[in-house]
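Everything on this sheet refers to the single structure shown next.
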């Protein structure tokens, strides 16, 4: 077994080792507007867009706000025909209601615009060097079609999405990911995909274009962040239907007041009925519904995740099963040194010193982990001294299956046990008295480590002074579960999500790691087919499955999963198959995606509940105002003691409009979500939006009335 | 025995009997609708109407069967009434007038039993026995069949059918309603409920005057009148008549009978979905609303307003002294909470608050506990709405019993909920502005006077009763003019059939889904929390829809 053998893809060539909680706390990259921050100035900036949206064709898409728009028009006409302070005040505030709804949507959209502008810069038309049978021709990047081969040299912008078919290059992807560290892209394997608009920094590559013009990754990204490609998600559609039904019920209830009131002997002023209708229909959620959806997508973008559809984001909130690769997600991408086992008379310190020396110049993650461990446990220097820096590095090759250093007359080797033992034998090790016993001890140790899923590295040295090689001991490399991951899984469990660890390891090793990480289930010795079969099985049981993947192998499973998050480092096939792309290529990001999906639904639910609960107070404000002329006893319902019928109705209308603006920040930020059981979530959110929704308008309308009653002609 | 103690004992008896019968009857009904074997008598029936009892119907086929059956029932009942004059056992009565026959045919075939006629002088024994009584059984069985079809939709795994309407209809009658009716009829006979094919007898009063007292085969019809939550009396004053409801014990039996099947169906539901607590939650919600209405009603009717009532010590006008206030209110709340509509007191004479409570009980959509079958499917639709809002609040696509509430499901649920308010509000609004209406009202007066308010309440009550298929009335109103006969007839017909079609469509789309197993992330629908949410949704939907209308009627009356 070679030291670098590990299940799953290793990402080490591209990125620095992730910090233990990277991605878990993945913050927004600096150049983007941070999610959740809402500046009042945004409202002003969004005003032109909001006015533009008054177009009835736009309003007709939202039945609730369309009713408000019609009400505004009718009220305005009535106010012109029979002017009064009350009529004009209601008309103006009804227009404000419509405008505020548009404003919310514009603000939400505005946040994506800045990012779209940055992306457009990346998309600026590039010159492509297309390979033709006769040579290389220069064409505009927009003229490339699928299958074209283009040559990109150091410093050039890659003209389109594609796979590298020849060569290797470092690529600056900051235009898309916001990450400034360049990454390596090479032909073949799972890291061959390049994105149009990124820049090749070194070497020369040949890229086969995989996207038609206008359908590239950057194009889709721009459409997404601008909200142009936004389609209503299934739950949003369902909610819209419920809101439309409620609007119809309220329309009937209010229209019926006309004849009923007339029969009771009082003709009703149509403006008052329109005011009541607008107050009753769920304008709060109706006004903010599309802003919530856009902001949800935007929040994902802040997390550097691109969802190809809003449907996928919603599905993320419904996930029952989460498939996670062991390597890179649950454990660090590479095995790490966890133990030193000295053999024979060798002291642990001696072994540690040799292990350190042999690994100082070893830039593989395993090598670095050895240095880290010995500096920590044996307080040895982490940096090479000038003398040590003169050491000659013997690199690992597939033939020798070991690496090492030669320094100041000492040669140190570490590697697979068979190879190192053979090297010791070759270099006079067998002449030592206890050679056979020590060799057996080392082999036994190595076997034991292998049996528990670790990787043994045998260390030996050869001093010119003795001329005899000797075995010093064995370094145990094993998978290290990322700190905090068990807690994340516990959270997921509480949210009702089962985690399944997918690994190529044997079942015994897999089980050990699974236990440590606290996952619910393991798929060991997994082939891509096994993964696909597992997803299908879960789905047949009615469960929704999410997974991450980056290889072409993963593409079928990514496509089958309800939520498939492809790593941006992955192949074009994987990115095509998934319904989200994580630009940071951080597999734990899926947990954040789930959170955002849930938050999206909760925000909608909370505002719907709030909107409906508000109606109670509005009835108490408006009904006495409508009827106390004919039935004075109904004034008993005027529990807020509002000054006059006109001030009562106007106060309710003003409250109704202002509450939209007041809730814009909440709609954009989303209701706070904590991972807990559905039962506790429900109690908390019902209390806040339901009970709060009943109380708030009583106070709000009462306060507004205190001001409105001062207006001449109203109070 | 003090009246309060008597009332408490009656109430305790009602609750105790329901508690004892809850499990056995609920499970018997579950077995009835899940059994694969057919009784011989059932097979004969299937063969006669050429139905394959083992064929599974899609929602469309099921709905088409319900519609066809109901429309044929209406037609048959209409014709029977029209020609009763030439048939035997007509008591010498001529054919029923077209408008009454139209209204009555719809009324009995839709399980409403709104009566725009005086039975003793309109319907002969034959019409009562083979027409109205038969429909009492069949319309009740249709309601249960639809409820069971909805349950089947919930438990179906990917594309299962909703069962077979003809089998459900037959079994409901043969295995549930007939046996129970026989038992209840015998108990009522022991209490003195009459059963006679004579038309009347003449008695001489103490003052020497003679009066004729109508006789009829009452006991047999009385039992199914309550058990099937029908409510149509054989005698005009319904369960206030000593021949229909002679003793306090018969009164208790009738209250139990009308609550029995709706209450036990929640157990049937829990058993069929293999999670009994799901049924218990629904029962708890129904019970809480019923108990709250009862408490308010008792308080309102015991707090006398006005000189006469204060002199009597209670609001006794329109109530039978042999029952007193508690038994009257118990009956009234139960009859409006189910879709029965039988009365043992005149709801028109209740206080503003008391009468308003009865009205509200119907405007809840009759789910406390609702009619046979219709109560269960009614509350299940409201549960779907509650689950939808609650599901969003916990951040998951809403699921009820493993089935997702998506676009189609919420559309059907919303449409079925929309029907009743639309009918009540539109019909009431039209009725009150028609000049003909004021002449039909038992109470009227200048605008703003108590008479005018009460007159409005009578109209609102009539349409609430019709659209909810209740059948009780604020009796002051005379509904024999053509507008009321037709409008109330259509309200009953549409109020029954439209929601049924939407509910079967809902069942159909639920049946297509593969159930999702519940997890801790799923909204739990089997605890107190969900019960509270559901009560909130029921009250909020009704309150928000009808607040203005109630304000102009009962609330304005109550606040005087």
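Cβ atoms are placed via backbone N, Cα and C, with glycine included.
Looking at B:92-110, B:111-129, B:206-224, the range tied to transmembrane segment in TrEMBL is B:92-110.
Of the given residue ranges B:372-394, B:441-463, TrEMBL assigns the label transmembrane segment to B:372-394. Of the given residue ranges B:41-60, B:61-80, B:301-320, TrEMBL assigns the label transmembrane segment to B:61-80.
Tertiary neighbourhood of the transmembrane segment (B:483-507): same-chain residues 59, 62-63, 66-67, 70, 74, 99-100, 102-103, 106-107, 110-112, 114, 116, 146, 149-150, 152-154, 162, 377-378, 380-381, 384, 408-409, 412-413, 415-417, 419-420, 423-424, 427, 430-431, 434, 436-437, 440, 462-463, 466-469, 477, selected by CB-CB distance under 8 Å and a gap of 6+ residues from either end. Most Cβ pairs within less than 8 Å of the transmembrane segment (B:372-394), among stretches B:92-110, B:249-269, B:281-300, B:415-434, belong to B:249-269. Remote same-chain residues near the transmembrane segment (B:92-110) are listed as 70, 73-75, 77-78, 81-86, 116-117, 121-124, 127, 131-132, 135-136, 138-139, 199, 230, 232, 469, 471, 480, 482, 485-486, 488-489, 492-493, 495-497 (criterion: CB distance under 8 Å, separation of at least six residues from the stretch ends).
Residues 28-29, 32, 89, 125, 137, 140-141, 144, 215-220, 222-224, 226-228, 242-247, 249-250, 253-254, 257, 260-261 of the same chain lie 6+ residues outside the transmembrane segment (B:176-197) yet bring a C-beta within less than 8 angstroms of a C-beta in it.
When each of the listed stretches B:130-155, B:249-269, B:281-300, B:415-434 is scored by C-beta pairs under 8 angstroms to the transmembrane segment (B:528-551), B:281-300 comes out highest. Under 8 Å from some Cβ of the transmembrane segment (B:130-155) lie the Cβ atoms of residues 29, 33, 59, 62, 66, 69-70, 73, 76-77, 80-81, 104, 108-111, 113, 123, 161-163, 165, 168-170, 172-173, 176-178, 181, 220-221, 224-225, 227-230, 232, 261, 265, 268-269, 272-274, 371-374, 376-377, 380, 400-401, 403, 500, 503-504, 506-511, 515, all in the same chain and six or more residues away from its ends.
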